[in-house]
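Feature annotations, reproduced from Swiss-Prot:
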- A425, C426, I427, L428, T429, Q434, R435, A436, G437, Y438, G439, K440, S464: acetyl-CoA binding site (BINDING)
- 284-553: domain 'MYST-type HAT' (DOMAIN)
- 1-33: region 'Disordered' (REGION)
- 173-217: region 'Disordered' (REGION)
- 367-388: motif 'ESA1-RPD3 motif' (MOTIF)
- 317-342: zinc finger (ZN_FING)
Amino acid sequence: MAPRTQKSTSGTPGGSGTPGPDEGPQISPGGTYGLEDVVVGCKAFVQKPDVVTGEMEERKAEILSIREKPKPRLTKKQQAELADKPAPTLEETLEYYVHYCEFNKRLDEWVSGTRLITSRELEWPKKEVTSDKTKRKVIRAGSGATTPSTPLTPTGKGYRGAGASNLLKKAAAQAAKNVQGESGLETPQKRKADSGDTSTAQSIRADSIDADADGEDDENGAVVAMEMLGGNDQQEKDDVATESNGGLTASLNANQGQETFSKKQEIEKLRTSGSMTQSVSEVARVKNLNKIQMGKSEVETWYFSPYPLEYAHIDTLYICEMCLSYFPSPFTLKRHRSKCTLLHPPGNEIYRHEDISFFEIDGRLQRTWCRNLCLLSKCFLDHKTLYYDVDPFLYYCMVKRDDLGCHLLGYFSKEKDSAENYNVACILTLPQHQRAGYGKLLIEFSYELTKIEGKLGSPEKPLSDLGLLSYRAYWAEIIVELLLKTEDEISIEEIAQKTAFTHADILHTCMALNMLKQYQGKHMIVLSDLIISKYTAKRPRKRINPQKLHWTAKNWHRSQLNFGW
């Protein structure tokens, strides 16, 4: 049903204030509003250039954040020339972070005000209603430091610069901590409990980076973002403009059935998983980098990554291909490269075949390099979280060798001691090397390690959409290959022992490919002509040679598994 248009009244261009919770979205006709009226949460039409033809298309997009365009450093002469020019208009000074409706989140981008089409209709955000239970819980929590969120408008009082908003959030966090400290209560760090709803799309849980949950800078200067506490979606939208410094810190829970833990209790209670968070607001951050330059490749980033704040508005971040250090300009990178002596990842080379090598890196021994790797991978993994240290993880980096050194293609990480026998915590092929078969090579290598351990392994669940497609394609390829080579009867257990796949993954793959058939009261695995033809039509890819792998499973001491202290 098409959304209905509300009658116009005073207060909001083209309509009355904000619609009630039971009403449809309020829509203002084109030409009845200006850029100064657009707030976070509105849905407007935006010009988007077509990748192939370059022509401008009109796409409906939701406004997630508003900011002033970053001002470049100017010489005195340039400042004098700029002073003689007329003042820039609102369209030229503001940028809008938009999410294109019905498109993937990785297409979100900053657009200038000139690309917003005010001649088309504008859909206003719905009003969020706070229940009586939530209000009473806020009062009991004594969190007087938190204030109702104010719509983020370019000209209104609710619009603040990034620096001012960050300071206010830090002050609010400190005030909340002081209030609870005076009342003799320990300030809890919120951890959303598992709700059992596995339908929420989440990526492969990622390995972690050193971070206290207080939003302070770590020793490398990387700002660690805090979880946004509270269940108000409007607050999440309003605060998204300054998400590079984390969400609003509070010590209350908006949902009754969720527990809260202090950091110490959290570390004791939770297993050392890669993600360590189930917060929905974790994926609501605004992308802070546009592009990264790594070696010969210039890559557009997909998601937010908590690099230092001073790098948030630069056009391109330059990354050393060997040590993964980051720099704001090509000059500083060139100066670093003249001193950087690293030619390969700082670990043990456990595999070498042709021009491909794998290095094993202990997060406890190479913290700086692993943290830089986590920051880089966060640019391309939506649900990857950087909360705890890298100590409990091993990193297996795939590189391509040439005369200049070893160039990173991708990596996967795994816990040193996984309670659920996960053999992968986070896996990534760098975008500039995707669609070349390296993803399956990483997956195959992880299962070769699992075979040496004598276990059945599986990636950490739930998988992302792309991760599920990659793993399902690999599982199908290996299972079909094994069945075609086997002439005798074979069971699910025998397939698991030969491939190191878990029984659940084998059954999932067989059901997805419609390979399970019932015959005379028994389930049979049947390969259809379509499945066989697809398998034979695939082009050959690089494979792992087990004879070139020199690695033994390790038994970790408890002191080597401690982290977060």
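Just so it is clear, glycine is given a Cβ too, placed from its N, Cα and C backbone atoms.
The binding-site residues G437, G439 differ in how many other CB atoms lie within 10 Å of their CB, and the one with the most is G439. Broken down with DSSP, the zinc finger (317-342) shows 8 helix, 5 strand, 13 coil. All protein chains included, T429 (acetyl-CoA binding site) registers 22 other Cβ atoms within 10 Å of its own Cβ. Mapped onto three states, the DSSP output places T429 (acetyl-CoA binding site) in strand. With DSSP classes pooled into helix, strand and coil, the tally for the motif 'ESA1-RPD3 motif' (367-388) is 12 helix, 0 strand, 10 coil. In the three-state DSSP scheme, G437 (acetyl-CoA binding site) is classed as coil. Of all the Cβ atoms in the protein chains shown, 27 others lie within 10 Å of the Cβ of I427 (acetyl-CoA binding site). Residues within less than 8 Å, Cβ to Cβ, of R435 (acetyl-CoA binding site) and separated from it by at least 6 positions along the same chain comprise none.
Across the residues the record lists as binding acetyl-CoA (A425, C426, I427, L428, T429, Q434, R435, A436, G437, Y438, G439, K440, S464), the two Cα atoms farthest apart are 22 Å from each other.
Taken as a whole, the zinc finger (317-342) shows an average pLDDT of 96 in this prediction.
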